[in-house]
Amino acid sequence: MTAPLIISGPHTHTLFTVSRTMLTVCAALAPATVFGLYQFGWPAIFLFLVTVGSAWLFEVASLWIAGKSVARFATDGSALLSGWLVAMTLPPYAPWWVGVLGAGIAIVIAKHLFGGLGQNLFNPAMVARAMLLIALPVHMTTWVAPVGLLDGPGFVQGLAITFAGSQDYDAVSSASTLSHIKSQIGAGASMGQITPDLADLRDRLIGLVPGSLGETSTVLLLLGGVVLMATRIITPVIPLSVLGTIAALSAVASTLAPDRFAPPILHLTSGSTMLCAFFIATDYVTSPVTAAGKLIYGMAIGALIFVIRTWGSFPEGVAFAVLLMNACTPLIETYVRPRVFGRTRTGKPLPIKPARGGKK
Amino acid sequence: MSVRSFATLFRPSQFFSIRGGVHPEGRKSLSSDCPIEDMPIPTLIRVPLQQHIGAEAEPVVKRDDVVLKGQLIGKARGPVSANIHAPTSGRVIAVGHFAAPHPSGLPIPTITIRTDGADSWGPRLGRLRPENASPEEIAAKVAEAGIVGMGGATFPSAVKLNLRGKYALHTLVINGAECEPYLTCDDRLMRERAEEIVDGIGIIARALGVTQIVVAIESNKPQAIAAMQRFDRALGIPLRVQVVPTQYPMGSEKHLVKILTGRETPARALTADLGVVVHNAGTAHAVHLAVRYGEPLISRVVTVSGRGVRRPANVRVLIGTPVAEVLAHCGGLTEDPERLLLGGPMMGQPIQNTRVPVVKGTSGILALTRAETPDLDTMPCIRCGRCAQACPVGLTPFEMNARIQADDLDGAGRIGLLDCITCGCCSFTCPSNIPLVQTIHFAKGKLAEQEGRKHQQEETRRLAAARKAREEAAAEAKRQAMAKRKAEMEAKKQREAAAAAATPQPAQHGEPLQ
Amino acid sequence: MIEAAVSMSALGLGLGLLLGVAARRFHVETPPVVDAIDAILPGTNCGACGYPGCHGLAEAMAEGSAPVTACTPGGRDVALQLATIVDTGSDGAVAGMAETEPTVAFIFEDHCTGCMKCFKRCPTDAIIGANRQIHSVVVDACIGCDACIEVCPTEAIVKRVKPKSIKNWYWDKPQPAFGSGNGGYAA
């Protein structure tokens, strides 16, 4: 008889594992991704594959250099998820090297230089996005109108667009909703004048608008978010606080000055608001753990997104808002702790109140 | 309808569950339909002298003594301790050490009895009519019977019964939650012996002088609830059965009280500070047997379960029966179990040696197979926060783990290491499978050891100082003795000199003149 | 240009002087550490360090001729306390000191002649026994200092790791098993 194992309890465990968590998130991302890939056609598909594939190769290389178990960590799904999220934020017709660069920044710089899985201070996908946005402002803001896989460039043309930087295919380049608003307001137009030019609400909800590869479909991202909450991968605190704060601030602003500020519904259905609220801001590693901390974190991100979009020089502020709050996470963690059972918030034991006397 | 009875319609437990907690797979159906059976008397019984929290009992028998069933063999020592009785008749073959039913397997003082099979009773404890007995008499009887908390904490029950003098008690809570997966011993006991348990509850309530009794049972035990709901009074004291949600760790004393009364026991305080005392259902049964029939605590119901056991069962086992015999009684093992546990899978203790005895706190013997136990592979913490969400105490186990791994025990203490009840929810729920609970156990043990060492340093200093003082005193005494002798010598010399001077010695005096 | 250079130099000079004066003026005499060291040392004068008594070691340590780790019966705990008041020279002095299991003396009864030498020598009175009777060690009082081993004429005393009991046993610190490197958190 082999001796039974002597390790401390508990001797039973949930079915949740790191890999399953990562794969569930990927599954929740899948509908919006598939829709985006279909909408933007072959170039988007190639870009997606290149980005995810190179993220995984960077992961393997980093693990190998760091002397960690490649077999163990390369299969945990975290690199897949990071690469996936990077790809979601890229313009669909961006050349292949933008995807590779983004994946490299995310995996090598933002993740492994900080110590690998669980150690990174900043969200890898958002680090990649912010760095690309600043380094390659043209590539990162060239949007095309979604025409569908069948009506867009063919397989070979798609290869040429992604890998050879071909300009042959005459894509309908167009501005994203947020950049359009930004440029028009900057030019002195009022919201009333801009609104008729924008895609209508239905298109924004479904995702029939120009934008990043996987960010366009509000409804499908929302669906993914609901799946994550239903499977208890995430709690609703961060998504609700991010969305609620953006909605509240823009509602106040647009009520006070309807000509200068976009209405809440526009904020919620454009840019990466939904992706951020459900998939980016909720990243375990870089967000606070306690519910109160999450609330502060989510509200601050929402407020920063609104501020950067409205007054900043970039039309979209999600990446910067998330990175700023990532930096504040350790601070929030230090000060916002759950109350310990039997103690007050300051850690003192609760006062002992005299017991209620016996009741006859 | 008075305001009071209206207010009782709103029971906090119906609206609130405990913060955190987990829902492990119950797997109680393995043994929940097996009636309690008696086990044949084993040939050898090993009764440890420490089966309870507190000081170990002092053996009162020697080798080769013949003992009868129920005879006192270990006497309680000090205020927190418990008597130990012979579980059956036989001959004491050793009063020595044997492996403890504990993960370390270290030897502890144990009395080994070779049974004679006659199972003949010695004189029983004097019976008591609880209706007429004073609380002190009841408590003394419970102490005499060596009853300890049967839920696993094994705190001497008599000490808890004597809280009446110190605290204004009003409520007795009977813990029948049995929130650990697999375990069904309390469930079965409540289903089969409800009347006896209720009588025991009444006796405890009388001893405590409380005015109401709440029996808390988790919602996954409908038959036990129905059995207990037949009673609304125990020895005339109103009793109600409160169904609590099925959630681990519902059976934790302070959390149960929080659910039932809505009041939180302050840190480092007792539930008695709120006027509430919690006893286990099994304890109530033992009290009934002791007070009504004069039977000391010499057996208990043990759930034998897990997929590694051929015939899961609930068995009434004599204290001291080797685990191997109990397993053999249940058809033996189907395969080599990955883990062999005493207690439930969340907080139970793994053992290696199946010859260790069943003790008063052993609620279950579980043989878990590979398929039932967690993967041993761990991943780094991804800060998912599940542990913090699951923690019923409101700690941040991932952070504590990081601090302990970095040898920052003081830092871990500052974030509540000592508030941890080691219920295991954090490890259970950790997707990275990090052994958080073992880390916390380690840190608690280490901290205690450091305290002990500090204490020993002081003790060493004291001993050294005492020795020095003694040596100095000895030296001083010696010196004084020397001085005294010297003085005496001097005096003698002087005396002699004086005597010499007094004697005329002209010749000598005359000489120098020349 | 010249004005700037002059004014900056003057400023630097002025501030430097101020600092110098302040350093002189508010100079604090370093208190003698011997007493402080003496207070931390066990005070048993067991001689395990090779210095004449604990006070001797304290003086040596204060001058820097003895390392803070010299007191072996005190072990790592004492060394850590000492390191807070004594300049250890290098940071790794205490860190390198392995956390050793506490040891205690053990008397082989077959060899003990009951000569009382160890009984008299023990700095903490941890040895019990009487003349011509076998001695034994009170484990809780023994500090594992070697003094008795040195004086035993029959070599009947050895040092052993302090036996673990169920009361002071605790779980091992789990070591993260993933990867081959330190895998994320401190191994």
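Cβ coordinates are placed from backbone N, Cα and C, and glycine is handled just like the others.
Note that TrEMBL annotation is computational and uncurated.
Features of the protein shown, as given by TrEMBL:
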BINDING   B:C381, B:C384, B:C387, B:C430  [4Fe-4S] cluster 1 binding site
BINDING   B:C391, B:C420, B:C423, B:C426  [4Fe-4S] cluster 2 binding site
COMPBIAS  B:449-496  compositional bias 'Basic and acidic residues'
DOMAIN    B:372-401  domain '4Fe-4S ferredoxin-type'
DOMAIN    B:411-440  domain '4Fe-4S ferredoxin-type'
REGION    B:449-514  region 'Disordered'
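Listed binding-site residues (B:C381, B:C384, B:C387, B:C391, B:C420, B:C423) with a CB under 8 Å from any chain C CB: B:C381. Only B:C426, from the binding-site residues B:C420, B:C423, B:C426, place their Cα within 10 Å of the Cα belonging to B:C387 ([4Fe-4S] cluster 1 binding site).
Long-range Cβ neighbours of B:C381 ([4Fe-4S] cluster 1 binding site) (same chain, at least 6 residues apart, Cβ-Cβ under 8 Å): B:F398, B:N401, B:A402, B:S432, B:I434. For B:C423 ([4Fe-4S] cluster 2 binding site) paired with B:C430 ([4Fe-4S] cluster 1 binding site), the C-alpha to C-alpha distance reads 14 Å. Under a cutoff of 8 A between CB atoms, and with a sequence separation of 6+ in the same chain, the neighbours of B:C430 ([4Fe-4S] cluster 1 binding site) are B:R386, B:C387, B:L436. Same-chain neighbours of the domain '4Fe-4S ferredoxin-type' (B:372-401): 18-22, 27, 249, 252, 255, 306-307, 338-339, 345, 412, 415-417, 419-421, 423, 425-436, 439-440, 443, counting only residues six or more beyond its ends whose CB sits under 8 Å from a CB of the stretch. When the compositional bias 'Basic and acidic residues' (B:449-496) is classified with DSSP, helix, strand and coil residues number 48 helix, 0 strand, 0 coil. Of B:C381, B:C384, B:C420, B:C426, listed as binding-site residues, those near chain A by the criterion of a Cβ under 8 Å from one of its Cβ atoms are B:C381, B:C384. Fewest other C-beta atoms within 10 angstroms, among the binding-site residues B:C384, B:C387, B:C426, are seen around B:C384.
Neighbouring residues of the recorded [4Fe-4S] cluster 1 site, listed in sequence order and excluding B:C381, B:C384, B:C387, B:C430, comprise B:I382, B:R383, B:G385, B:R386, B:P397, B:F398, B:C426, B:T429, B:P431, B:S432, B:I434, B:L436 (Cβ within 8 Å of the Cβ centroid). Distance between Cα atoms for B:C420 ([4Fe-4S] cluster 2 binding site) and B:C384 ([4Fe-4S] cluster 1 binding site): 20 Å, as a whole number. Under the DSSP three-state reduction, B:C387 ([4Fe-4S] cluster 1 binding site) is assigned to helix.
Counting residues of the domain '4Fe-4S ferredoxin-type' (B:411-440) by DSSP class, helix then strand then coil, yields 17 helix, 0 strand, 13 coil. In the predicted model, the domain '4Fe-4S ferredoxin-type' (B:411-440) has a mean pLDDT of 92. Around the Cβ of B:C391 ([4Fe-4S] cluster 2 binding site), the same chain contributes B:G20, B:P397, B:C425, B:C426, each under 8 angstroms and 6 or more positions distant in sequence.
Taking the binding-site residues B:C420, B:C423 in turn, the residue surrounded by the fewest other Cβ atoms inside 10 Å of its Cβ turns out to be B:C420. Excluding B:C391, B:C420, B:C423, B:C426, which define the [4Fe-4S] cluster 2 site, the same chain contributes B:G20, B:C387, B:A390, B:P392, B:V393, B:L395, B:P397, B:I421, B:T422, B:G424, B:C425, B:L436, B:V437, B:I440 within 8 Å (Cβ to the Cβ centroid), listed in sequence order. When secondary structure is read from DSSP and collapsed to three states, B:C381 ([4Fe-4S] cluster 1 binding site) falls in the coil class.
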